[in-house]
Amino acid sequence: MAEQDVPVAGAGTAAHAGRIRAIFRAAQWLPHYRLQWLSSDVVAGVTLAAYGIPVSLAYATLAGLPPQYGIYCYLAGGLFYALFGSSRQLAIGPTSAISMLVGVTVAAMAGGDATRFASIAALTAILIALMCALAWVLRLSSLVNFISETILLGFKAGAALTIALTQLPKLFGVKGGGDAFFERITVLASQLPDTQLAVLAFGAGALALLLAGEKFLPGRPVALFVVVLSIVLLSVTPLRNMGFSVVGALPRGLPAFHFPALRVRDVDGIVPLAFACLLLSYVESVSAARAIAQKNGYEIDARQELLGLGAANLAAGLFQGYPVAGGLSQSSVNDKAGAKTPLALVFASVAIGFCLMFLTGLLTNLPNVVLAAIVLVAVKGLVDFRELSHVWRTSRDEFLVSMVAFAAVLLLGILKGVIFAVLASMLLLIRRAAHPHVAILGRIPGTHQYSDIERHPDNERLAGVLLFRVEASLLYFNVEHVRATVWSAIQASTSPVRLVICDLSNSPTVDLAGARMLAALHAQLLEAGMQLRIVAAHASARDILRAEGLERQVGDFGRFVSADDLIATFLHDADSGASALPGTMHGTPPGAGTLA
């Protein structure tokens, strides 16, 4: 038997093991774990737990669920993300936007049934996990690029105001109410005379401490200190009898494995909710993971993040939680605390589990106004005034798009606002692709180079010549715009045009419709006594243009043909009285059929 035919022992097993390691990222980093990292990961895990417990309590109430459900999310989500995720410092848990999205959407579906509410929230997380797995199989990780950052900027600002408005009644010690954003404002304004001053003062104090901690002690678990301080104050002072609502007794112990029951009539509501949560969570997670990875000098795998996020949501759904995501604030806490590997998430889950088993009784007197203050401080980060100001200075059109997304969230609600943001991003992408800039070029004075006359009005306009460049691929959905723009430029020319040159240097792709449009444009120009030439086409574009017979019609457009040469030939022929360029309209085009 030939040597190359001898099977290599264990090759199939090694390949299988490699595939498993590619899926289970823990199998990649755990064998190379350094003992000196252990203390850093332990400290980071405990610090993350100290940060995450009060925040998750607050987010669970925002989602309309009992406070412990938020802790369950942190415990289960982080533990399972550590097995699959590609980020070393990303922290997984409930986030403000997703919590609000779940709260307002599920409330309408549950009909006041708390058990049903929890089941639908858990089912949403499980469905997100299934969607993540499907997206991983289909390699759809690029979907994160389909939501414009500008639109996301406006969406986050609208979500922040919406979330803040739901927490203000707790801050004032009133009931609140209403469904729509402006209805909530009206209800809150009508209840302001009933403000409980003790609750308001307590909440304002909590806000001041949280904001001071954010400024002077970034990355420290200041929220935990505020929670402990508020519990002590309500436990040892008469404040308990001054109208404060408290969290109450939380169940002791770890979350139980439970597969929530599914009712067919809930499917129509759960699917769009899960899709919206997936988009939000994936965009937020990948953005946070990339920011942290860039800071620490490594790359994440966006496709692998689908598995990590899916595993985290599956665990959250099966262990009495609701949808989770990676957030920049909690990940920054983890990073600043010194996390070296995802093992920090495991230690955070262990610390949270310890608290659930032995310390839940201490949270009984935690005032809800403190949770409201935690949410208000957290959502403050969703409004990026610096970036909004930058967008305003850079592009008024982009700023307008951002404000449309902002208004959509306020007027339509968060769920419809997410869907609107996605549709708006897609429409914006389609509009830009369908209306590419067509630059009319002029010669840069004193050179043989050409640039956009619109941007450089001092460029030389060449009598009888129109040189244009399409600033995008020439595809079926933009060919009509390109043709119409070129024809309008010809009609607007101050001198009769005899030569039209199409520069395809910025068009990496030309499809069949693009080639046929150029053929039709050639025929239209020929009928009007003008010539069309093509220059600087990419190799793949030249192939399809030749296949459509363009080279036989317009002349050679190989890589040695330049716009400057064509213009020089045209001007020479014009001076000598010739009627055509070499290789066009008369005889066989030189170079036609020559592959370049």
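Placed from the backbone N, Cα and C atoms, the Cβ positions cover glycine too.
These come from TrEMBL:
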DOMAIN    455-570  domain 'STAS'
TRANSMEM  42-62  transmembrane segment
TRANSMEM  68-84  transmembrane segment
TRANSMEM  91-111  transmembrane segment
TRANSMEM  117-138  transmembrane segment
TRANSMEM  150-168  transmembrane segment
TRANSMEM  195-212  transmembrane segment
TRANSMEM  224-250  transmembrane segment
TRANSMEM  270-293  transmembrane segment
TRANSMEM  305-322  transmembrane segment
TRANSMEM  342-359  transmembrane segment
TRANSMEM  366-383  transmembrane segment
TRANSMEM  403-430  transmembrane segment
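Counting Cβ pairs closer than 8 Å and at least 6 residues apart in sequence, the transmembrane segment (342-359) and the transmembrane segment (403-430) reach fewer than three and form no contact. Contact check: the transmembrane segment (305-322) against the transmembrane segment (91-111) gives at least three Cβ pairs closer than 8 Å, residues 6 or more apart, which meets the contact criterion.
Using a cut-off of 8 Å between Cβ atoms, the transmembrane segment (224-250) and the transmembrane segment (366-383) share at least three residue pairs, counting only pairs 6 or more apart in sequence. At the 8 Å Cβ cutoff, the transmembrane segment (42-62) and the transmembrane segment (270-293) share fewer than 3 close pairs (sequence separation 6 or more) and do not count as touching. Take the transmembrane segment (403-430) and the stretches 91-111, 117-138, 150-168, 195-212, 270-293: counting Cβ pairs under 8 Å, 150-168 has the most. Within the chain carrying the transmembrane segment (91-111), a Cβ under 8 angstroms from the stretch's Cβ atoms is held by residues 48, 52, 55-56, 59-60, 62-65, 70, 73-74, 77-78, 81, 85, 117, 120-121, 124, 156, 159-160, 162-163, 166, 179, 266, 269-270, 273, 276-277, 280-281, 284-285, 308-309, 312, 321-327, 330-331, 333-334, 345, 348, 375, 378-379, 382, 413-415, 418, all 6 or more beyond its ends. Here the transmembrane segment (195-212) does not lie next to the transmembrane segment (117-138) in space: the count of CB pairs under 8 Å, restricted to residues six or more apart, is fewer than 3. Remark: the transmembrane segment (117-138) makes no contact with the transmembrane segment (366-383), by the rule of 3 or more CB pairs under 8 A. Per-residue pLDDT, averaged along the domain 'STAS' (455-570), amounts to 91 for this model. Secondary structure of the domain 'STAS' (455-570), assigned with DSSP and counted as helix (H, G, I), strand (E, B) and coil, comes to 52 helix, 19 strand, 45 coil.
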